């Protein structure tokens, strides 16, 4: 267990690498004449200790020697690390400041700390050793074995004047091939498919995709959505084929068809109204700005001669502003898209010195007619007002919750990811409902409450352990040969089902799964010297050591399973039934049960299942109470970890039952107050809603995965900003002049010397600063904000559109520009551009192919029967059905929309011009214009600030490590080592759960981002996703351990420390080192990942720091137990006897184990983070040429 918050009592101030105290934090005894005090007998002289050190030193110097860093940083020949004695000194009374004599000793003083020989099992005293310490020592042994660490301190310690004291050890040997083999099981599902760029699997994959599309269109609602989208297009297209309508609409009659494609009718009613309004407003704005530019360019004769420059200036200003707004505010995407197309048309179509004002009507009227057609279809043809997407989300979420109760689960990793995705999708479903107008039977307020309750259930299911021996029906034939079945060998022990000690039930084959007790190999294999360590995270090819169960342990396990197995199984069954009935009721209320499920055999009786669930909870509580009062249950669990595992499996189920009960009550309230469908206006907050948009627009604009990723990262950064405080220590207080030198503390308590946290913004800009300084700071904020991706995207759009538009304003190129409608090249750049994701090589070829295919098919449609309307309509039906599906429902919408636009423009332009001068010329000229626009948009996105998924993945992992360090610091400060009177409250728990939910979404988005790397071509070699996937998984495990620490701390807290200033002061340095070792490792890894630099070979060992803390805690607990025994021998008051120290409950003892094991799990997962970071980035040794990289870490193929 780590201890007192170093951020509220003693600041961790990392020194510079050039500081002579940084490299070797423990001075090495290089002279046998060194005299040190003996802590075992403070009255005895120090000569005996010096002699012992001298003899041991002489004996060890015969061993092999190696280069070490001295305190000055120079290379020197020193004795082997295990021969050198590492000395640490600590004052006997940390609360008292050093006297003048301490100047001679420096930071060295007597320390009451025992040597390594005095293990926690050798403490004398009447009080028992804490199970939290003893059990977790067994977990740490796997991290520290065969390191040959000589932890003998001879009773002295270097306190380092309150600074962080890191311990360093030699990196272990690793079986890299087996680790990478195991990492394959951690890859996302996308990587288990065939590679998308593989020529061998291209055609079979396309055939399978076609089959799946046909199946979805004919059997699901996708067919209805496609029919509505196609119907709007087809009506507009047929109208343009009628000569009278075509003549009335003008030369650009196909704008009506394009309007029905851009804001197609396959949307919800609310989204359709929103899109119609935005596109109409955007078109009006674009035409208005263009008309003003045309008027100004023709206002005078001078302006008329330079009309091209005026139009270019107006176009650049409008497009730059439009692009910035498109990046800043996703909600107005349809508005700025239509505005950009309109202004490009106005400034670049039919350009000449004489302004033809009629072209404004030729564009505006067809656009409005197209929006009217789509709006009518969306409201009349099988309208969807937003209720169905919500019903689908609720139905899917309840189904995943039912899967979460299948215990034990065969694939806990996949289940955990499904639950995390469900947690995220519930928030998205509520957001989509409240962004637009909706017609639903569910009021948005009830949906918000339902979302919160369902997320609470998912959160509780994520904390369940997926494997247990609770439900195993084994019988003991005789002691020493218990069996679970015929396949269990009869040996002198019982090997239980491998437990998943992580808070979420990790994959048992995971290389860092805590179910393996050999995370770092317990035995050094032959062929390695004694000073080397061979670590193996792999569980394959080696046998897991059996759990030896004593008679007492087996009896305790049988007692727990006999008492709680049946109540727990009934509780799980009723919880699952509760989910089924909630699903039935909600689907009946929404009106979609007959299409979505569940079947009619599932009852809708919520009162009955609520009564059964409550009875099950009561029976479980009675059985648990009876078990806790049973004298056969062991008084402590230090020798029975399997009993603790059972309790830690059972109790989260009991807590999950509370959340299920609350969900049942809410659904029952909604059922009783069921209302008819009502129209609900948008209720999502405007400041948040301007950054969001509905599901169909998110799909149509493309880059959904990258958009979700960047949005989650932005949210996390904004949330963490308030937590990433800067510690500002209080100034030193001077002692009064008449104060005695020996009493320098002059009555200062620990809280009086603590500093405070201040926001970074407050530190950068003092609230009392002069006005001039505030103005400078705000100006810096604006300029800094202009460096973001939004202005970069605006610059890219301005450069490309301005360069491509130049021929339209030159007299020598105006003729062919206007005749061939080359302005579509500029418009296509605007349509194809994306603020984040420009596209990869596969996207470039696919979009260019769709352009060519659309142009060729459009020419064939007109040329087949010389423009026969029926033939053209038939050609349109054959081509546009799959292309509209690709645009509206596939994962490649931008190639779909460019294919649609290419066909419509070529076919209807040929119809309007009656095939003159020739159909082939119309087809290839328009096709070339479209191709130039597509290629320009993609190529510019490659050249200027490109989006590279593997680089973003590395940066995302760096940011996540920083976030985890902040959360770790917050959990330690708020829930673990808080001061008396600052206990965490309900609001603190709520904020923590919200933060954890956002970080869970971050992990979901990072895995989705990693899937994008499969579509990128890498010249240096194939991108290896295995280290990245393992690094993400290790990061998520570390995070889940932090969640487990927070949850366990609500049931357990070491009151004997928080209420005992002397104990807190004694453990302060150890707590500081344990926490700071983790923080420093995370900061170093985050910096290396962010900058793409190699990871240092030697990092502070968090395992050693944790072991030192546990050793010291064992001493403190033993002393506390002796003090309690002495107090029990004298009369005490009732208040004292009922104190938390004297009345520790069994559950507190159990959760103390879970709490401490989770902290130890953080240490182990940090070791995994270090290893996989070195695999991604490489390892940095002392030799700049890499000659000392003897561990085979950091292969170049894994680097980004």
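Cβ atoms here come from the backbone N, Cα and C positions, even for glycine.
Under the heading region 'Disordered', TrEMBL lists 1-83 (among others).
According to TrEMBL, the feature compositional bias 'Low complexity' maps to 42-55.
TrEMBL lists 230-249 (among others) with the feature transmembrane segment.
Look at TrEMBL and you will find 306-325 (among others) tagged as transmembrane segment. Residues 286, 289-290, 292-294, 296-298, 332, 336, 339-340, 343-344, 347-348, 351, 353, 790-791, 793-798, 801-802, 805-806, 809-810, 830, 833, 835 of the same chain lie 6 or more positions beyond the ends of the transmembrane segment (306-325) yet place their CB under 8 Å from a CB of it.
Only residues 6 or more beyond the boundaries of the transmembrane segment (332-351), in the same chain, are considered here, and those with a CB under 8 A from a CB of the stretch are 252, 262-263, 274-275, 278-287, 289-291, 293-294, 308, 311, 314-315, 318-319, 322-323, 325-326, 359-360, 363, 367, 690, 693, 697, 701, 801, 805, 808-809, 814, 817-818, 821, 823, 826-827, 830-831. Residues or ranges marked as transmembrane segment in TrEMBL: 332-351 (among others).
Under the heading transmembrane segment, TrEMBL lists 363-382 (among others). Sequence-remote contacts of a segment are chain residues at least 6 beyond its ends whose Cβ falls under 8 Å from one of its Cβ atoms, and for the transmembrane segment (363-382) they are 224, 227-228, 231-232, 235-236, 249-250, 252-260, 263-265, 267-269, 272-273, 276, 279-280, 283-284, 287, 338, 342, 345-346.
Marked as region 'Disordered' by TrEMBL: 480-520 (among others).
Per TrEMBL, transmembrane segment is recorded for 793-810 (among others).
In terms of DSSP helix, strand and coil, the domain 'Integral membrane bound transporter' (815-940) has 100 helix, 0 strand, 26 coil. Taken from TrEMBL, the feature domain 'Integral membrane bound transporter' covers 815-940.
According to TrEMBL, the feature transmembrane segment maps to 844-864 (among others).
Under the heading transmembrane segment, TrEMBL lists 870-888 (among others).
The transmembrane segment feature in TrEMBL is assigned to 924-945 (among others).
According to TrEMBL, the transmembrane segment annotation covers 957-977 (among others).
Marked as region 'Disordered' by TrEMBL: 1116-1141 (among others).
Feature annotation from TrEMBL assigns compositional bias 'Basic and acidic residues' to 1116-1128.
Remark: the transmembrane segment (844-864) makes no contact with the transmembrane segment (230-249), by the rule of 3 or more CB pairs under 8 A. The stretches the transmembrane segment (924-945) and the transmembrane segment (230-249) are not in mutual contact, being linked by fewer than three Cβ pairs under 8 Å (pairs 6 or more apart in sequence). Packing against the transmembrane segment (870-888) from elsewhere in the chain are residues 213, 217, 222, 225-226, 229-230, 233-234, 237-238, 241, 261, 264, 266, 696, 699-700, 850, 854, 857, 860-862, 864, 895-897, 899-900, 903, 907, 911: each is 6 or more residues past its ends and has a CB under 8 Å from a CB in it.
Sequence-distant contacts of the transmembrane segment (793-810), counting only residues of its own chain at least 6 positions beyond either end whose CB sits under 8 Å from a CB of the stretch, comprise 307-309, 311-312, 315-316, 319-324, 326-327, 344, 347-348, 351, 817-818, 822-823, 825-826, 829-830, 833, 835, 932-933, 936-937, 940-941, 944-945.
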